[in-house]
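Colleague: Take a look at what TrEMBL says about it:
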DOMAIN    A:69-257  domain 'ABC transmembrane type-1'
TRANSMEM  A:12-37  transmembrane segment
TRANSMEM  A:69-92  transmembrane segment
TRANSMEM  A:104-131  transmembrane segment
TRANSMEM  A:137-160  transmembrane segment
TRANSMEM  A:181-203  transmembrane segment
TRANSMEM  A:237-257  transmembrane segment
Amino acid sequence: MWFIKLIGKLKFTGFVCFFIFVIFFFGPLLNLLLLAFSGEWQYPDRLPSEWSLTWWTFVLQNDAIISSIWLSFLIATIVTLISLLICIPAAYAFARIQFPLRRFFLFSFLLTNAFPKMGLYVSIAVLFYQLNLMNTFVGIVLIHLINTLMYMTWIPSAAFENVHRSQEESARDVGASPLKVFWHITLPMAKPGIIVASVFTFLSSLNEAEGTFLVGIPDYRTMPVIMYSIIADYPSTAGSVFSVILTLPTILLLVAARKFVGAESFANGFKLK
Amino acid sequence: MSIQLSVEGLSKIYQTGEGVRDISIEVAKGELVTLLGPSGCGKTTVLRSVGGFVDPSEGIIRIGDRDVTNVVPEKRPSAMVFQSYNLWPHMTVYDNLAFSLKLKKKKKSFITERVDWALNLVHLTGSEKKYPSELSGGQQQRIALARALLLEPEVLLLDEPFSALDAKLRHELREELREIQAEQNLTMLFVTHDQEEALSISDRIVVMNRGKIEQVAQPYEIYHKPASLFVAQFIGRMNFIKGYAQPDGIRIDQLIFPNERGLIGEVAVGIRPEDVKLSEGKPSIEAKVAKIMMLGHYVEVTLHTIFGQLKMFIDKNEINTVELGRIVHVTLTRIQSFQDSNENYLERNEAYATI
Ligand SMILES: Nc1ncnc2c1ncn2[C@@H]1O[C@H](COP(=O)(O)OP(=O)(O)OP(=O)(O)O)[C@@H](O)[C@H]1O
Ligand SMILES: [Mg+2]
């Protein structure tokens, strides 16, 4: 009997945890959504007393904002493509070649995320001044790449490691050249991991603000950069409208990716060795 | 018979200093030769050298009349089945099997026909649409075998293909493999560390130890005439006791055996349990019955003698002739003595009791 009780207890705790998670995760989102469509909302009312789309029209008719959305997506796409080109070969090398510095290299990717970002960006900015990369498109892409290299190397590398050597060798054995083996066997088997990494890369680039602000101002203003000024200059409703727009692609992409690769592979992408 | 695979003076030394040295093997067309030896003795290294996955440090490998020593795996007329992880999980069974034919740009109707043929051969007709994860371990290995057969290899290489399976399945697949091999007249090099498996399916066995060949012979000969102490220890059950070799014979307690090879001094004497016989006759060894185990059609009796433990096999009908704790007399009908020369015990003397 005691174990039934235990399972019941575990289930209950699980449920409570899930509930807390839902509140913490969806609560602010819901609040944001309500705020975005509200005209007037005063404390202590539970719901807005008046609904309106004023700030939606404001945001969607503002040229600077619209162009920032395009710019953000353009940058995110380019950054994702470039990271794929750079990191897939690197990830494969990390997974297959047992060179001694392997752990150190993987760790160094983590390190870039361990330091305070602003410090890193400022020192990079100094370098960019000398190279005339400040206020350029290339400069922004470069600064985004610093963040994305980690996902793009580490996650696919774990995926490549799950492809066994004998699976590649079998393919050689039946007559495939090394290139064909990579194309027909290794890459498709690592595909879920690569998709997961690409989604993360795309989103991280889409949401990057600090570095973009530092390097891109004044000519290149992406969504998150614009958002700072909107939050500073307009009522909170404008900010929440913009947040919804900013959050939307994240949710859409995650849902799409989940359909594509399945939750299991999502978790596997994190099975780091 | 024509030689289909020949390995000449093959050496492969890894950076660690381990590897194989001076391996020479010839396999005739339609022959099944097994590489047998303990873990780490270099069986896989030899097999992978033949398949093209290991670059030999020295030596020549020929398949048919062709020197393939420097040919890449995809161009070698060999096919390999690995211990596990043979199949590609993102492809169906059909695609796994068809992959090689698609690479060769064969017609679709031809491919379907061949895949059918291969699946029929391994008794898995109708599983084309399944994914490898939907197959049992044994079925996966069968598909791997089918894929190898589709290559119509001049030499089929198998590296412990059944070792991850349970005993019953292993027996079944072993028999099936032997049938297919005979039917298709396949030339095969088979790796195993299971001596029973090797003895049961091989035309010839290559026994390896520490990167070297100890003996190459037919199963019967490997069992009855082991060329070295290692082979004697590794293959089948064997009692080992100490004996003393003198010019006039090899002495074990009261028993004296002919010493035709002229061994000298202390020797290791190996006796198969079936060569230990109960005897009332005079020169015999006194022994106490310590354990009696019924093992199906025969009985294993453990005896204590003054030179240690001795196992004896007797027929199940004779079980009443031994009794726990009683003193019996036994004699040895056949012994093999090994003299320690360079620690290898390669000097061998075979002797039969002259009763
Ligand atoms: N790639 C390698 N690098 C270094 N040493 C290796 C390598 N492959 C094998 N060895 C060493 O060479 C020796 C022979 O290995 P091999 O795999 O051929 O043995 P095996 O007989 O197949 O053993 P098992 O029955 O365990 O599969 C071992 O001592 C092993 O440690
Ligand atoms: Mg091996």
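Using the three backbone atoms N, Cα and C, a Cβ is placed for every residue, glycine included.
Are these features on the surface or tucked inside, and what touches them?
Modeller: If you look at the transmembrane segment (A:69-92), the same-chain residues 6 or more away from its ends with a CB under 8 A from one of its CBs are 137, 140-141, 144-145, 148-149, 152-157, 159-160, 182, 186, 194, 197-198, 201-203, 205-206, 220-224, 245, 249.
Cβ atoms under 8 Å from those of the transmembrane segment (A:104-131) belong to residues 94, 139, 142-143, 146-147, 149-150, 153-154, 157, 210-211, 214-215 of the same chain, restricted to positions at least 6 beyond its ends.
Here the transmembrane segment (A:181-203) has long-range neighbours at 76-77, 79-80, 83-84, 87-88, 92, 148, 151-152, 154-156, 158-160, 162-163, 167-168, 171-172, 249-250, 253-254, 257, 260-262, 265-266, 268-269, meaning same-chain residues at least 6 beyond its ends whose C-beta is under 8 angstroms from one of its own.
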Colleague: How about long-range neighbours of the transmembrane segment (A:137-160): same chain, 6 or more residues beyond its ends, C-beta under 8 Å?
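Modeller: Residues 75, 78-80, 82-84, 86-88, 90-92, 94-96, 106, 109-110, 112-113, 120-121, 124, 128, 186, 189-194, 196-198, 200-201, 204-205, 208, 211-212, 214-216, 220, 222, 268-273.
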